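Over in Swiss-Prot, the protein carries these features:
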REPEAT    20-114  repeat 'Solcar 1'
TRANSMEM  22-39  transmembrane segment
TRANSMEM  87-108  transmembrane segment
REPEAT    124-216  repeat 'Solcar 2'
TRANSMEM  126-143  transmembrane segment
TRANSMEM  194-211  transmembrane segment
REPEAT    225-316  repeat 'Solcar 3'
TRANSMEM  228-247  transmembrane segment
TRANSMEM  287-310  transmembrane segment
Amino acid sequence: MPIAEEEKLLPLTQRWPRTSKFLLSGCAATVAELATFPLDLTKTRLQMQGEAALARLGDGAVDSAPYRGMVRTALGIVQEEGFLKLWQGVTPAIYRHVVYSGGRMVTYEHLREVVFGKSEDKHYPLWKSVIGGMMAGVIGQFLANPTDLVKVQMQMEGKRRLEGKPLRFRGVHHAFAKILAEGGIRGLWAGWIPNIQRAALVNMGDLTTYDTVKHYLVLNTPLEDNISTHGLSSLCSGLVASILGTPADVIKSRIMNQPRDKQGRGLLYKSSADCLIQAVQGEGFLSLYKGFLPSWLRMTPWSMVFWLTYEKIREMSGVSPF
C-alpha cells in the first residue's frame with residue numbers, strides 16, 4: 001500500500017498531531033473558563049479599585065466609590081447589575097483561550113519534545129521546563145493579546161454604567177472594530193508587554209509546575225498517571241501561577257483598561273514600569289496583590305478543570321498523556 005494511502009488510514013490525531021493538541025487544549029480551556037469566569041471578573045474589578053492614577057486624572061468616581069473586598073464585589077455585581085453580568089466579557093475570554101491555550105500548549109510540547117529533547121527515561125531538567133514554560137506563555141499571549149484587551153475592557157462596562165459613564169462597546173465585535181478604528185493594528189496590541197510578562201510568569205508557574213510535579217509523582221511515588229496525580233499536580237500549579245502572576249496581572253489590567261488618546265497612547269501610564277511605580281508609590285506594595293484571593297481561588301479550580309479535562313480528552317482521542 002502506498003505511503004499516502006497508509007497516512008489516510010491513520011487517526012486524525014496522528015495525521016495532524018499539533019492541530020489536534022491545539023484544538024483539544026482549546027476545548028479544555030473553554031470548559032475551565034466558563035466554570036471559573038465570575039472569579040476572573042471579580043478579580044479584574046478589584047484590581048481597578050482605588051487606582052491612584054485615575055484620581056490624578058480627575059475621575060471623581062474613584063473618590064466616591066467605597067473599597068470592597070472580594071465577596072462584596074461579587075455580591076455587588078449580582079445586586080447592581082444582575083447575575084448574568086458575572087459572565088460579562090466571557091465571549092472574548094473564550095476567543096482568547098482558544099488562541100492562548102492552544103498556542104502555549106503546542107509550543108511547550110514542541111519545545112519539550114523536539115527542541116530540548118526530553119530523554120527516554122522521562123527525565124526533564126527543571127531549567128528546561130522553566131524556559132519552555134516562559135517561552136510558551138510569551139508566544140501564546142502575544143497571539144491572543146487582541147482578545148485579552150477586549151475581554152478586560154468589556155469586564156469594566158458594567159461598572160461604567162453604574163458610574164453614569166457612557167458605554168464604550170455594544171458587543172464583542174463592536175469592541176474589536178472600535179479599538180481597531182481608533183488605534184489601528186497597534187491598538188489591538190495595547191498592553192502587550194505587561195501581558196506577555198505576566199504570561200511568562202504564569203506559565204512558568206502553571207506549565208512548569210504541573211509538568212514537574214506530575215512526572216516527579218509518577219517516577220518517585222506509588223502514584224500512577226491518573227486523575228489523582230493530575231489533580232495534585234494542578235493544585236500545585238494553580239498556587240504557584242497565582243503567586244508569580246498576580247503583580248503582573250494588576251499592571252496588565254490597568255494598562256489595558258486606561259483611557260487613550262487618538263494615537264492609541266495611554267493617558268495614565270507611559271509603560272508597565274511607570275504603572276508599577278505609580279501603583280507602589282500611590283497605593284503601597286500590596287496594591288500589586290489586589291485581587292490575589294479571587295485570582296488564586298480562580299486559578300486553582302481553573303487549573304484543575306483544565307488539566308483534568310485536557311488529560312481526559314487526550315486519552316479519549318488517543319493522544320498520549322501530557
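Keep in mind that glycine also has a Cβ here, set from the backbone N, Cα and C atoms.
When the repeat 'Solcar 3' (225-316) is classified with DSSP, helix, strand and coil residues number 73 helix, 2 strand, 17 coil. Remark: secondary structure over the repeat 'Solcar 2' (124-216) totals 78 helix, 0 strand, 15 coil, with classes taken from DSSP. DSSP assignment over the repeat 'Solcar 1' (20-114) gives 82 helix, 0 strand, 13 coil. Within the model, the repeat 'Solcar 2' (124-216) carries an average pLDDT of 86. Counting only same-chain residues 6+ beyond the ends of the transmembrane segment (22-39), those with a CB under 8 A from a CB of the stretch are 74, 86-87, 89-90, 93-94, 97-106, 294-295, 297-298, 301-303, 305-307, 309-310, 313-314, 317, 319.
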